[in-house]
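As annotated by TrEMBL, substrate binding site applies to ARG82, 105-108, 171-173, GLN177, 224-227, ARG407, 418-419. Per TrEMBL, the feature ATP binding site maps to GLU101, LYS262, 321-330, TYR332, 355-358, GLU382, LYS409, ASP415. According to TrEMBL, the Mg(2+) binding site annotation covers GLU101, ASN103, GLU325. Positions annotated as domain 'Glutathione synthase substrate-binding' by TrEMBL: 162-259.
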Amino acid sequence: VVNYAPFTLLPSAVPRALFEQAYAVQQDFNLLVDAISQNKGFLEQTLASTIKVDDFTARLFRIYMQVLEEGLAQTVFLGINRSDYMFDCGLDGTAALRQIEINTIAASFGGLTSRTADVHGLVLKVLGKTKEASHLLPNNPAEGLALGIAKAWELYGSQRAMVMFLVEEVQRNIFDQRCVENELWNRNIRVIRRRFRDVFERGSLDASRRLYMDGQEVAVVYYREGYVPQNYNQQNWEARLLLERSRAVKCPDIATQLAGTKKVQQELSRPGTLEKLLPGRPEAIARIRATFAGLYSLDEGEEGDRIAATAIADPDRFVLKPQREGGGNNLYGEELRQVLEKIKDSPERTSYILMDKIKPQPALNYLLRAHSPLQVSECISELGIFGVYVRQGQELVLNQAAGHLLRTKAIEHADGGVAAGVAVLDTPFLV
């Protein structure tokens, strides 16, 4: 069954200065993610407490260590990430850009959002707002993402090799992926779509660890799954290990997936951490730090005890985040308090981080969803900036922002994105 993707009837107002700030810092975040992925000591130290209590992160980490011990066959590295922000409204009414998270695996909606501005342009014209329609920015992340994949494919250096999209068993968001896929076909790059199960059954490595799928060489593996525990059974873990051991360019490789964990995000906000990871780049560090919301560790010890007690006493100030991607995992308010009460004296609390709750200014809009009644809703928006980088050995050959994504949801939904069925696609109208 095919349904249209959900979207807002009207584009939403976004402060131009904050929009430009989000774009300006994206290359810095690309550099940071890449630096973390190459820093074994930092990942080991940062995730030490998490992997004791979070089995999923622990299994990813075991593969990471195994691949490093064997020696990396991969020489070209491709990062496609999306840094997500909200506009925090201060007591004086001024808005500030605050990073929610950075997604380093399967960052979606680069395809569908490439079409959204045209939809909103048409709506505005129908409403007789041709001048406003002309102010909407062109936006084509699908092209930017494909450019990164194509560059990695080219540097891999085999004309015959293919790009493999690693996809879920049941694919609800297929058209989003097809937009990127079609951009690659237009560059005469062959694309196949396979699942973990197919890799387990029919994938193989040769003596120099080149990856073959159904007998054909694979240059780039683009993960659109593999970011939640439900994506894995024993066979799928074995398939993931096979892919990670290969020479193929993984997007992301397992180190980059670990760089996107919430625990890493919290560690980055500690004084001095960014300076260690990005030495000699004070301007980049200042731009990155300006986007941080308050982030707090729940590790065992006095600091964690104090933060847990503060959050239990005043749960509406915070968001409790587990080490998970894909939306719909965070805890708020009374639910946050109950969970923290239960785990406050157990090591399990170290698998979460706490973050200041961001309070955006709501605006009215209509959310169009298949089979849903049309009604005006109070809404808040989240801005994502896509980043793409390619590194060959130690040389960064591509580093750019690749477009944006605006998602909007009704204020009664605390958590969740488009794929989780809560948010809808939107277009920024800069003010």
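Here the Cβ of each residue, glycine as well, is placed from N, Cα and C on the backbone.
The structure, with features from TrEMBL marked on it.
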residue	record	CB count, 10 Å
ARG82	substrate binding site	26
GLU101	ATP binding site	20
ALA106	substrate binding site	26
SER108	substrate binding site	21
ARG172	substrate binding site	10
GLU225	substrate binding site	20
TYR227	substrate binding site	21
PRO322	ATP binding site	18
GLU325	ATP binding site	18
LYS357	ATP binding site	18
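For ALA106 (substrate binding site) paired with PRO322 (ATP binding site), the C-alpha to C-alpha distance reads 18 Å.
Taking Cβ-Cβ distances under 8 Å and a sequence gap of 6 or more within the same chain, the neighbours of ASN103 (Mg(2+) binding site) are ASN81, ARG82, SER83, ASP84, GLY260, GLU325, GLY384. Residue counts of the domain 'Glutathione synthase substrate-binding' (162-259) by helix, strand and coil are 41 helix, 26 strand, 31 coil (DSSP-based). For LYS409 (ATP binding site), the nearest neighbour among the listed binding-site residues (SER108, GLN177, GLU225), judged by C-alpha distance, is SER108. Sequence-distant neighbours of GLN177 (substrate binding site): residues of the same chain at least 6 apart with a C-beta under 8 Å from its C-beta are GLY111, PHE165, VAL167, GLN171, ARG193, ARG224. Taking the C-alpha positions, the distance from SER108 (substrate binding site) to GLU101 (ATP binding site) comes to 14 Å.
Sorted by the number of other CB atoms within 10 A, the binding-site residues TYR332, LYS409 start with TYR332, the lowest.
In space, TYR227 is the closest of the binding-site residues ARG172, GLU225, TYR227 to LYS357 (ATP binding site), judged by Cα positions. In space, TYR227 is the closest of the binding-site residues ARG172, GLU225, TYR227 to PRO322 (ATP binding site), judged by Cα positions. Within the set of binding-site residues ARG172, GLU225, TYR227, the entry lying nearest in space to TYR332 (ATP binding site) is TYR227 (CA atoms).
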